[in-house]
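Peer 1: Okay, handing you the structure first.
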Amino acid sequence: LPEYLFPLHFFLLFLLPFKSCSNVEYDYFQYHPMEEISSWMSQMAKQYPDVVAIVDYGKSYENRTISLMRIGLKSDTKKKAIWMDCGIHAREWIAPAFCQYFVRQILQTYKTDAKMEAMMTNMDFYITPVLNVDGYMFSWKNSSTRLWRKNRSPGPSGDCYGTDLNRNFDANWGTIGVSSDCNSDIYPGRGPISEPEAQAVTYFVGSRKEDFLCFLTIHSYGQLLLIPYGHPDFTASNYNELVFTSMHVGEEAAEAILKVHGKKYRVGTSPAVLYPNSGSSRDWARMQDIPLTFTFELRDNGTYGFELPQEEIQPTCEEAYSGALHIITYAHDKTFNGAAATAAALWTTFMIVILVDGVYH
Amino acid sequence: MGLRRAIVLVALMEVTWSLNVTTIGPETVSTDASAHPEPAEENTEQKEAAAAEEDVMATGELNPNHYPAQRAAKLVQHYLNARYGSPYKLFGLKEVHSGNAEEVADSGRKYQLEISVHEIISNTKEKCSAEVFFPSGAKQLSPQVQVSACEEILKLDAKSEEQALYQQYKTNKTVRTEERLPDSYGHIDPEMTPFWHLSIVASSFIMLKESTENTLYNVAQVANITQLATENDQLKFDCHVLLHEMVSQEIPQWKLLFTWSPAEGVKVLHTEQLPHVHEFEKRAKPN
């Protein structure tokens with residue numbers, strides 16, 4: 001090579017680490033800190049500008065932005081919506097990993113899968129990869145903070161930290177499965193939706209509640225699909241119908257999960273299968289009349305618990321995707337296919353009448 | 001007349017067609033249908049509604065997927081680990097098949113369970129029968145566990161690996177952890193894995209003793225494990241473990257002093273619960 005090219009060669013090598021993110025594959029099977037998740041979100045919005053939009057819908061206690069990804073194809077008709085949030089509990093790292101995987105999956109499949117394309121045309125997916133931003137970042141601080149669960153707002157006397165966000169929603173708030181001790185990991189806060197993170201979800205979903213067909217909130221661990229309500233004595237109108245349908249759909253979702261890697265997920269109400277609780281986001285969502293609301297508790301069953309090995313991220317995401325997709329597809333088909341199918345049936349009937357009439361005469 | 005017959009036929013076909021195509025959902029299920037659901041769903045529905053009664057202690061036949069049987073079954077896991085666990089033998093609860101609970105007059109409650117147990121390292125599974133007894137009364141006595149029909153999984157032989165490890169650490173090497181087990185990413189250094197297992201086995205003594213019908217324990221993480229001088233041919237360890245209690249969602253912390261050898265298994269010498277860590281919280285500043 002000509003001598004004058006050598007410095008240029010080294011100069012280009014020096015530039016390599018500064019290549020734009022889009023050329024470097026995002027590793028969905030490793031855990032990512034908040035900064036990496038945020039830049040991944042921006043990157044996805046840039047890569048899919050007509051499909052993905054970032055919506056900032058709140059602020060955490062420590063004044064960080066809470067963002068979701070709205071994913072859907074343009075449509076002239078009024079769209080319905082699917083809600084999914086991950087990382088409401090800081091230490092459940094597999095949950096944000098699943099949200100990111102879910103986003104990747106739907107963006108990869110809609111171009112070749114007609115069903116996914118139809119769903120993304122009829123519905124928008126609202127996905128929050130990390131809801132409890134402060135808590136998640138705190139759990140990354142060092143090894144002694146890894147098992148933090150709550151948010152980071154200070155308690156009433158300032159000498160304890162954190163409210164359990166999944167006890168803070170306005171759904172039988174503070175009645176069962178909580179502790180008034182601010183140090184407790186199930187401290188529900190000063191009052192219902194006292195926490196900005198819970199307020200963000202309440203205002204965003206609440207102001208659009210008629211649009212939502214499905215509300216999924218992702219946790220770990222325990223391998224469970226939980227349906228409302230957390231309070232054992234609470235029933236609402238249509239309660240039996242609700243349980244009947246949710247159990248039916250939930251059991252089918254668990255079957256779909258089992259088929260992927262043979263992992264058994266148990267299905268039921270919280271007080272039956274796990275423990276009674278109150279103030280959960282899932283219960284609040286159901287009280288807004290969102291028809292299908294589930295809590296997913298992902299792998300494992302306690303062997304590794306919250307520190308699920310990175311090698312298990314892929315199989316966990318694959319099975320959970322299968323389960324979530326079943327519920328979402330059911331919610332979609334109930335709203336969108338029903339009308340089309342009835343029209344097809346009527347048309348077929350009409351044609352048969354004409355035919356038979358012809359045959360008899 | 002032909003046309004009338006045709007219309008009847010067509011009407012029947014349309015009804016059949018619609019039923020096949022429309023999926024069942026709250027809007028389409030009439031109140032009649034929900035009052036007479038298919039048998040399988042009816043059982044589940046009744047059981048879900050009956051969940052309200054479970055805060056009064058469940059008695060009689062138990063739903064194997066519900067928490068009373070699951071919590072009792074977890075104790076069988078802790079018992080098997082405490083009694084038979086080793087650096088190369090660790091048990092997990094795989095599934096609960098059936099369960100039954102009854103009051104034992106004035107002394108406590110007894111569960112009878114059919115479960116599947118799983119030896120994690122060899123990845124073998126076996127069905128077992130077990131009895132778990134929760135004593136009542138003010139004294140806070142430990143639960144009692146008895147296991148039967150589970151011989152194969154307990155006979156699993158890891159003796160050569162256990163001997164090799166024992167010899168290696170009796171004289172030549174010493175364990176002192178640098179990282180928590182597992183670390184934040186779920187990773188464990190392969191050389192540390194047998195000591196992670198040992199810590200879980202030792203912790204099982206605590207989890208068994210501390211359990212009630214209102215708790216569900218797992219080991220969340222081993223903060224550290226340090227080998228002390230060998231005593232009476234037993235390897236001796238000091239470890240600090242973080243447990244996870246599912247119902248309260250708390251992370252109780254314990255220090256344990258225990259010994260192990262292939263011949264004697266794990267013997268716990270001393271346990272101490274550490275106070276809930278608040279000090280760190282008081283000094284921690286926002287990120």
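Heads up, the Cβ atoms here are built off N, Cα and C, so glycines get one too.
Annotations in TrEMBL come from automatic prediction, not curation.
Just lifted these from TrEMBL, have a look:
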SIGNAL    A:1-23  signal peptide
DOMAIN    A:30-331  domain 'Peptidase M14'
ACT_SITE  A:Glu297  active site, proton donor/acceptor
TRANSMEM  A:339-360  transmembrane segment
Peer 1: Look up the residue listed as 'active site, proton donor/acceptor' in the DSSP assignment and report helix, strand or coil.
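Peer 2: Looking at the DSSP assignment, the residue listed as 'active site, proton donor/acceptor' belongs to a strand.
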Peer 1: Could you give the mean pLDDT over the domain 'Peptidase M14' (A:30-331), rounded to a whole number?
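Peer 2: Looking only at the domain 'Peptidase M14' (A:30-331), pLDDT averages out to 96.
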Peer 1: Who sits close to the residue listed as 'active site, proton donor/acceptor': which same-chain residues at least 6 apart have their Cβ under 8 Å from its Cβ?
Peer 2: A:His219, A:Ser220, A:Tyr221, A:Gly222, A:Gln223, A:Leu224, A:Leu225, A:Leu226, A:Leu274
